[in-house]
Ligand code: HEM
């Protein structure tokens, strides 16, 4: 009798364990992003986003760079949840004004335009976080960079975190060790980090971010390059916002020139040059400088990996009606 009760108890326990396992598995499946996420609910989502992004980049080519960076600055702060897009409000303290974003991150209005175009075709379905991820891919493709299949199904946060933004977004003064450790905390390897930094093959930086480096007279910067850059970046603070291309050779096309520059000590930011300055990532930089196809495919894989950082899925988060505010 006792044995029978024990047997049935143990079979109840094992059934319960099986149910728990199934629940865990199904929530894990639910939590996964998928490229077909909107196929039934908003079949025109991708086409609509693409049209908005392409027309914005056609108006201003630099926008491609700004949109790739916006997705990055979203994903590194509490995951890819569009938290970067939230404006200040009574319940939100925006991430837009932390030092790494303030007067620097741009493209917010382009995401708003894409969102309103998508809302016209399928209201309340497509998240701002997914629009950021798709915009980054479309931007890369438009300026001659790699393309990839974007996984979808992220939802939007109801919170923003300036303190996490200031902690988790890299700074141009960071050492190679701190950058590696920061990217590591986001599940990204040294190779991912170097590949992703290759997006500095397009876009611009402000004088304030590279002034110390070009006036350093250090041995890790090409003297001719430093003197050219000084012409438009005076030592006085009124030149702080003057722009220079991150890739001096082909600033408008997405290629592997960024890595060739690093080999010649012509990285604009200190955080660029640390990737090739006698440290552990030198060999990756050399490889990408020699083999553009490897850079392209590694960049695409790393962007997919970055887009996977802590998404809100299932019933977590919301689909914002406008990207800059919580519904
Ligand atoms: C490794 C650490 C990184 C640091 C320290 C860093 C820092 C910076 C800085 C200081 C600027 C110039 C901003 C300005 O002057 O307003 C910049 C621009 C840019 N960054 Fe990074 N970045 C890093 C990694 C990345 C990654 C991983 C991506 C993309 C996945 C990226 C994409 C861009 C792009 C495309 C621009 C040009 C933006 C524009 O022209 O609007 N960066 N970055």
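Backbone N, Cα and C atoms are what each Cβ position is placed from, and that goes for glycine too.
Here's what TrEMBL has on this protein:
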{"type": "ACT_SITE", "residues": "73", "note": "active site, proton acceptor"}
{"type": "BINDING", "residues": "74, 77, 79, 81, 83, 95", "note": "Ca(2+) 1 binding site"}
{"type": "BINDING", "residues": "170", "note": "substrate binding site"}
{"type": "BINDING", "residues": "200", "note": "heme b binding site"}
{"type": "BINDING", "residues": "201, 247, 250, 255", "note": "Ca(2+) 2 binding site"}
{"type": "DISULFID", "residues": "42-122", "note": "disulfide bond"}
{"type": "DISULFID", "residues": "75-80", "note": "disulfide bond"}
{"type": "DISULFID", "residues": "128-323", "note": "disulfide bond"}
{"type": "DISULFID", "residues": "207-233", "note": "disulfide bond"}
{"type": "DOMAIN", "residues": "32-327", "note": "domain 'Plant heme peroxidase family profile'"}
{"type": "SIGNAL", "residues": "1-31", "note": "signal peptide"}
{"type": "SITE", "residues": "69", "note": "site 'Transition state stabilizer'"}
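Positions of the features from TrEMBL, shown on the structure.
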residue : record                       : contacts (Cβ under 8 Å, 6+ apart)
42      : disulfide bond               : 118, 121, 122, 125, 126
73      : active site, proton acceptor : 84, 95, 100, 101, 105, 165, 169
75      : disulfide bond               : 186, 306, 307, 309
77      : Ca(2+) 1 binding site        : 83, 84, 95, 161, 164, 165, 168, 169
81      : Ca(2+) 1 binding site        : 74, 129, 154, 155, 156, 157, 310, 311, 312, 317
170     : substrate binding site       : 76, 100, 178, 179, 182, 271
200     : heme b binding site          : 246, 247, 258, 268, 269, 272
323     : disulfide bond               : 82, 85, 108, 111, 112, 115, 128, 131, 156
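69 are the recorded positions among 69, 79, 81, 323 whose C-beta comes within less than 6 Å of an atom of ligand 1, given in sequence order.
Listed in chain order, the residues near the Ca(2+) 1 site other than 74, 77, 79, 81, 83, 95 are 73, 75, 76, 78, 80, 82, 84, 157, 160, 161, 164, 165, each with its Cβ within 8 Å of the site Cβ centroid.
Ranked by how many other Cβ atoms sit within 10 Å of their Cβ, the binding-site residues 74, 95, 247, 255 place 255 at the bottom. With respect to residue 69 (site 'Transition state stabilizer'), the closest of these binding-site residues in Cα terms is 201, chosen from 79, 201, 250. Taking CA atoms as the reference points, residue 233 (disulfide bond) and residue 250 (Ca(2+) 2 binding site) are 20 Å apart. Cβ-based crowding with a 10 Å cutoff singles out 128 as the top-ranked of the disulfide-bonded residues 122, 128, 207, 233.
Of all the recorded positions listed here (79, 80, 207), 207 has the Cα closest to the Cα of residue 201 (Ca(2+) 2 binding site).
On the backbone, the CA of residue 79 (Ca(2+) 1 binding site) and the CA of residue 250 (Ca(2+) 2 binding site) stand 32 Å apart. Reduced to three states, the DSSP call for residue 201 (Ca(2+) 2 binding site) is helix. Taking the mean position of the Cβ atoms of 201, 247, 250, 255 as the Ca(2+) 2 site, the remaining residues of that chain whose Cβ falls within 8 Å of it are 202, 249, 251, 252, 253, 254, 256, 257, 258. Residue 80 (disulfide bond) counts 29 other C-beta atoms within 10 Å of its own C-beta, drawing on all protein chains shown.
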